[in-house]
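Below is one structure; the comments refer to it alone.
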């Protein structure tokens, strides 16, 4: 028996874009799991958010690009924890948790690994399962950001940083205003 998988037009277009994307090619040649690794490298080059021996929590870690970058930059004495609903293949110098970040049980598992250490950076690349309804997807994206921010406020050391990626949709301006009241510097990339 032969099984053929038929791809939709949008899937074919996505695969074509991926094949041509220079960052996808660069990610592959540098053995990063995702092109998003370069976004975190770019942010870090500009703002120096991750340093040797830092403690980093990566929310929404799959497939692991940001976690890889954090683990490389913090070195062996740092502590990197990646969390995602999806499984993430092992990454040297990183602790990986398969779980729902929105659940207290998962956040407690992070705290167990931290073992009292304060965090230098909480980053969130969490994204909802997209429904196709932009308004609903945006609201869920912002809910994930709010959850990551609430957690960050509990674990960040003074001077710690927070980076979040979210779906634009209108209510992000309120979230950005909130960030400005909590953090001294708003980089707003």
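Backbone N, Cα and C atoms are what each Cβ position is placed from, and that goes for glycine too.
Source: prediction; values computed, not measured.
Residues or ranges marked as active site, proton acceptor by TrEMBL: 165. Listed in sequence order, the residues of the same chain lying 6 or more apart from residue 165 (active site, proton acceptor) and placing their CB within less than 8 Å of its CB are 124, 125, 127.
Taken as a whole, the domain 'Ribosomal RNA methyltransferase FtsJ' (32-184) shows an average pLDDT of 95 in this prediction. Annotation comment: TrEMBL describes 32-184 as domain 'Ribosomal RNA methyltransferase FtsJ'.
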